[in-house]
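Each remark here refers to the structure printed beneath this line.
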Amino acid sequence: KSCCRNTWARNCYNVCRLPGTISREICAKKCDCKIISGTTCPSDYPK
């Protein structure tokens, strides 16, 4: 699951992932998001 700081970061992550060629980790790093193993995002990454 990916968690982002705000809507801008979430949109950035979604667009980054669209082609299906860029890994979740790279998109998360680039867009200020985190990949988590659980189901609940931390409060500082609510999106």
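Keep in mind that glycine also has a Cβ here, set from the backbone N, Cα and C atoms.
According to Swiss-Prot, the cysteine that forms a disulfide bond with CYS4, out of CYS33, CYS41, is CYS33.
Out of CYS3, CYS12, the record in Swiss-Prot bonds CYS31 through a disulfide to CYS12. Straight-line distance linking the Cα atoms of CYS16 (disulfide bond) and CYS3 (disulfide bond), rounded to a whole number, equals 14 Å. In terms of local Cβ density within 10 Å, CYS33 ranks first among the disulfide-bonded residues CYS3, CYS31, CYS33.
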